[in-house]
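Copied over from TrEMBL:
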| type | residues | note |
| --- | --- | --- |
| BINDING | 7, 9, 94, 207 | divalent metal cation 1 binding site |
| BINDING | 132, 157 | divalent metal cation 2 binding site |
| COMPBIAS | 216-231 | compositional bias 'Polar residues' |
| COMPBIAS | 249-270 | compositional bias 'Polar residues' |
| REGION | 206-270 | region 'Disordered' |
């Protein structure tokens, strides 16, 4: 089976020094491509570097995540546009809206302004855009309706919204990407939602290093609308990493006494997309082979724009 991890963060300080090993492991497991999403000005350069060094299997994405809106510089948007000018094969993301436990600390007016600017940029660039949304789906739909539709695709990453919102979002060009966070929803609710998603709009992702699939999450009573925020409370700020990897070091095995050679028990990694596949197939009453083929073909169609090497 062939798979594409449609949303991950291999540049994240928790796992980026393990990137060569994690990529090799995932490739051996049939994961042929990794869509690596930037989140703030501080990590765009590293995402660009990884995209250049792994051109055949990494799709770099640049975007300002709602959690980091307050930290943006006065020239953030010009800088963002510059990354797309110098990386014409990049997509847009991660952007979005957040009214969860973390997002409510950030001005929602500012979040909307930054989100709208980036949505409009994605349309101008004719690129797919990866969207984070927590407790703000009404606002999201309203903004997408005013800016859209999105023929190049708007990926609702780690989707945990309601089944009822799926048709309206799909009509605008939305794709629905599922990660290990799906395990935190009550199974009946998750099943109902998944069955509302058109087959041609289903994607799979890991959201590595977050979103670790855990079977015991299915019984969690946590509010699904806030799970992605609460599970990421310990997420380190972009740029809070050891000296960035440069040159050919991403292509070398960095194993040493003081650098872990495998992810921690709480860190997710792209090879775990197989667990997401298994669970989604179970909820849809389909075989893993069927869901893998559907999600892979959808991802190839979505990311096969001019300049991309995905095929």
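Keep in mind that glycine also has a Cβ here, set from the backbone N, Cα and C atoms.
Remember, TrEMBL labels are computer predictions, not curated facts.
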Rounded Cα separation (Å) that holds between residue 9 (divalent metal cation 1 binding site) and residue 157 (divalent metal cation 2 binding site): 12
CB within-chain contacts under 8 A for residue 157 (divalent metal cation 2 binding site), separation at least 6: 6, 7, 37, 93, 94, 130, 131, 132, 177, 179, 205, 207
Around the Cβ of residue 7 (divalent metal cation 1 binding site), the count of other Cβ atoms that are within 10 Å: 28
Packing count at residue 132 (divalent metal cation 2 binding site) (other Cβ atoms within 10 Å of its Cβ): 29
Neighbour count (Cβ, 10 Å) for residue 94 (divalent metal cation 1 binding site): 26
